[in-house]
Structure formats: C-alpha cells, structure tokens
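Pulled from TrEMBL:
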DOMAIN    41-166  domain 'DUF5671'
DOMAIN    340-476  domain 'DUF5671'
TRANSMEM  6-24  transmembrane segment
TRANSMEM  44-63  transmembrane segment
TRANSMEM  83-101  transmembrane segment
TRANSMEM  113-140  transmembrane segment
TRANSMEM  152-171  transmembrane segment
TRANSMEM  183-210  transmembrane segment
TRANSMEM  230-249  transmembrane segment
TRANSMEM  261-286  transmembrane segment
TRANSMEM  306-324  transmembrane segment
TRANSMEM  344-366  transmembrane segment
TRANSMEM  378-403  transmembrane segment
TRANSMEM  424-445  transmembrane segment
Amino acid sequence: MSILLSFLPLLIMIAVVVLVIRKVSKRATSSSNTAQPVRLFFQYALAFGLFMIVTVGLAGLLSRALDVSNIVNADQSSLASNLAFVVVGGPLLAGITIWLRNSLRENPSEGHGLIPTFFATLAAIVSLLVFLSSAIAALHNVISGDEVLGSTLGRTIVWGTALILVLKISNSVIPKNDFRIQYFVGSFITALAALIGLVQVLGGVLALLLSQQTFFDTQKLALVSPENPIGIGLGTLVMSGALWIYYWIKNANTNKSDTLWLAYVLIAGVGGTLVIAITSLSISLYQVLVWFVGEPTSQNAGEHFASIPQSLATAFAGFLFWWYHKSLLPNESERTDVQRTYEYLVSAISLIASAIGISIVIVALIESLTSQVQLAGAGAINTLLGAGTVIVVAGPVWWHFWSRIQSIARAESNAELSSPVRRIYLFLLFGAGGIVAIVSLITIVVQLFDGILSSNLGANTFSEMRFAIGILISTGIVAGYHWEIYRHEKSVEVSFATTATNVLLVGPNSPELIQKLKAATGAKVSFLQRADASELVWPTEHVIELVAQSKEDDLLILLEATGVKVVPVTR
C-alpha cells in the first residue's frame, strides 16, 4: 500500500500537466490552426509512449505470475518497475485515450494524415514483432522443456492482445489507404518468419535423412527434440503463415495497381528471395566441390556436410518464395515497364554476384602467385572453387535474362531503348561500377607509392593490392561494357509514361474507387453521380488500369450498362 501511495504526488502532478495541455490546446485550436500539427504530434507521441510503457508493465506482471517456478527468486526491482509502469501509465493512457476520442469526435480529420498513421503503424509493427518473437520463444520453451515458459507466455498473451487492439482501433479511425503501409511491413515480417520456419522444417527433415546409416551415419536425431528444428520450425511456419494470410492475402495484396504493392513485390518478394536462393545454392554447391575437388577441413563426411541441410533448405525455400512473388506480376502480351523492371532487376542481381565471383578469382590467383596466407585459412583451390561456384550459379541467370532483353531491344528498338527502366539500369551499372573502379584504382596507387617510398615494393605490396585489383578489374569490365551500350543509345530520347492528371467519374457513388484511383495514379479525381445507375457497379481494377494506360491529361469516365467508356476531354 505504501508503494502505491508514494506515486500519488506524481500522479497529481501529471494530471495537472495534462489538464493544462488540454486547456492550452483548445485555445490554440480555436484561435489558430497552425499549432494543430504540433499538438497532434505530441498528443499521439504521448499516447504511443504510454501504450508501450503500460504494455511492457502488464507483460512483465503477467510473466511473473505465470512463471511459478521462479516467483520466489525473481528480481524485485523488475517487479517495482512493472508496477510503476501500470499504476502510473494506465490511468494516463486511459485519460489520453478519452482525450483522443473526444478530439476525433469533434474533428474526424485529426485521424487522417501522416502523424496518426505514423504512430499507429509504429505501434502495430512493434506489437507484431514482440508478439511473434515471444510466441516462437514460448514454442521453443515447450519443446526444450525450459522453466521460463511462463515468462514468454505472458509476453505472448499481452502483446498479442495489444496487437489486436491497435489494429481494431486504428482501422476504425485511420483511412484504410493511409494505414495500408503497415500491412506491407507486417507481410514482410511474417513472410520472413515463415521462410525461416520452412527452412527449419526442411533442414530438419534433410538432417534426419542424412543422419541415417545409408548416408553419413552420424548421430541419430529424434524427430522432435531441441537438436532437431522440425518442431519449432513447423510451429513458426504455422503461426507466421496465419499472420501472413491476414497481412498479405486479406489486406496488402487486395490492390495490385499501386506503386507500393509493385515496389514490395519486386524488391522484397522477387529481388530479396532471389538473393537468398542464389547465395544458399552457391554455398551448397561449394561444399560439395570442396569435398570432392578442394581441401576440406575435416575428412569426416558427416562433419563436413553438417550445414548442407540448412543451405539446401534455404535455397529451396528462397526459390519457392521467389516463384510465388514472380507469379503475382502481370503477364501481359504487351511488354510493360513492370516486366522490364523485373527482368532488369534480376539481371542486375545476378550480374553483381558474377562480378563478385570474378573478383574473388583474381584475388585467389594473386594469392597463389605471392604464396600468402589464403582467404579464411583455406587453400587457394577452395577460394577458386567458391568464386567459380558463384559464377556458375549466377552467370547463367544473368545470361538468360540479359540475352532476352537484348533480343527484344533489337526487335523493338524504339520501345525498349526509350524505356526509362533500361536507361536507369545502364546509369546505375556504369555509374556505380565506375565509381567503385576509381576508388579501387586510387587504393592501388596509394599502396604502390607507399611501397616505393618505404623501399618495400615487392610481392608483399602486390599481395596487399589483391582485393583492390580484383574489384578494379571486375567492376571495370561491368562499367565499360554498359558504358559502351549507353554510348550507342544516348541519342535515343527517353519517353516517360504520362497518366491523366484530372479524372471525372460519372456513375454510381463509390468512395473506395475514388481513394484507390487517387493512390494508384496520383490524379485529381472528381465525381458526378448518375441518377439512373443504381444497379451498376464500378470495375475498380479495370478503371485504374484504363487511367494508368491513358496518355491524355483530362479524362471523362462514364459507367454504362455496356461497360466503362473513357472519353478524352479538353478545357
């Protein structure tokens, strides 16, 4: 009781401060709207901070209550902190929640815009991260039989409840299009967790198979044990998969016409998973080549291939996720910038990987000539095998996509050569490659002059230059090749696609279409409702596609019984 009474003066002081802020904010609102963003920022920032404090406190208290085995030996200072968080933060959070609710009731637009969206998104992402990590940790505790299960279970319950509350309140206040970014972040987090879970399941199955006498005859693994990740991987896959369905299937993947969806699919879905797949496949192939051709660190097959189940599982999962996201991209008969972006992105990733492989080959050759200590303690043959593996895996991918791009450029020269996607690709490769080559050249010259001035010029100096020389040669080849392409194409004028800037919709009332059309095209949308169109329904995706493909500045879009009619207009 004395602990609670000790917080009474602090509570009174905070309450007075809150009352003063409310009075000042009301006067500021009535006198001038210029202070509104500042007030909103501190209002939502305070709500977010109190939300975090109270949730941490509740999670700590519940974890302590559920962790019966350690309740006697538990840290009393953490108990005091959690009590303080709940006792002080709880009433304040309730007060500011009421304040926000009253403000939104008077002015619903205060729930729109960057400030509320930022803090709501931040609260949702933090809640998701803590909940998912705590749930996975609790599952691991169950499988391992750890005594700290109560602690992780308490965090899971509290943060899971907090996530549900944040999503429910935010969706009722913030416009769906404004709050949509958190669905993409949540999709990325849950997809990554699902990828890890799938890798653990596949890796555990492969490890179980390879531990049999038929293969490496290593120590036998139990199907469900702390040593075998199948159990925790399956649990992680199920939990994160269920969350991914909510974030991606139910929300983020519903509108495939806006830039945010396309950026996520191309960068995270296609580009990121392709990097994971190529890297993991290269590691697996490298281990096999080292065992048969190179110099393995262990002559025991079980020890040498101990990590190959995980790398093979990661490669398979990476290609599976890459295939799924690639299948989401539109497959149209007419070549679009979306298809170009995908092909140039894959080409760039595989080319960079191949260039890294070439650099490592040059480094290994210089090391073998100078008889210096080899990379990672291995022989030059292992270094060459690693580089060759990267080139063998990534090289054909680059050749496949780049040869297809070049054949299209020769057949449809105007459309392909004038594409901004191709021009950006060339600029990035010869520009970034040229900068890296120049830096490497400067490094080589510095080391050369250092050797001359210190009278120590010789094989050792040449060995110190090996990384800079490797990077210079590989990036120089890449930059020079793409500069030569650009030099022949620079006279071609780049044509940027234009979309309508003003759109007038005539048909049944559809606020959802207006919001999606604005988000997808950036056009200024006006609306007139037809009195005789009560039974008609706007085909949202088709309308967005028509506006995006139009080259006119002003459009009249009329919904009739026979379909959508697009009429270019002038002012």
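Cβ atoms are placed via backbone N, Cα and C, with glycine included.
Mapped onto DSSP helix, strand and coil, the domain 'DUF5671' (41-166) counts 113 helix, 0 strand, 13 coil. Within the same chain, residues 184, 187-188, 191, 195, 252-253, 255, 307-308, 311-312, 314-315, 317-319, 321-322, 324-326, 328-329, 338, 341-342, 345-346, 349-350, 353, 385-386, 389-390, 392-394, 397 sit at least 6 positions outside the transmembrane segment (261-286) and bring their C-beta atoms closer than 8 Å to a C-beta of that stretch. When DSSP labels each residue, the domain 'DUF5671' (340-476) comes out as 122 helix, 0 strand, 15 coil, counted as helix, strand and coil in that order.
Here the transmembrane segment (113-140) does not lie next to the transmembrane segment (424-445) in space: the count of CB pairs under 8 Å, restricted to residues six or more apart, is fewer than 3.
Counted over residue pairs separated by six or more positions, the transmembrane segment (152-171) shares at least 3 Cβ pairs under 8 angstroms with the transmembrane segment (44-63), which defines the two as touching. Among residues of the same chain six or more beyond the transmembrane segment (344-366), those with a C-beta under 8 A of the stretch's C-beta atoms are 266-267, 270-271, 274-275, 278, 282, 374-375, 380, 383-384, 386-391, 393-395, 397-398, 401-402, 405, 421-422, 425, 428-429, 462-463, 465-467, 469-471, 473-475, 477-478. Within the model, the domain 'DUF5671' (41-166) carries an average pLDDT of 84. Residues 344, 347-348, 351, 465, 468-469, 471-472, 475-476, 478-480, 482-483, 485-486, 489 of the same chain, all 6+ positions outside the transmembrane segment (424-445), place their C-beta atoms under 8 angstroms from a C-beta of that stretch. Counting residues 6+ beyond its ends, the transmembrane segment (230-249) has Cβ neighbours under 8 Å at 128, 132, 135-136, 139-140, 143, 183, 186-187, 190-191, 193-194, 196-201, 203-205, 208, 223-224 in the same chain. Packing against the transmembrane segment (306-324) from elsewhere in the chain are residues 191, 195, 198-204, 206-207, 210, 218, 269-270, 273-274, 276-278, 280-281, 283-284, 287-288: each is 6 or more residues past its ends and has a CB under 8 Å from a CB in it.
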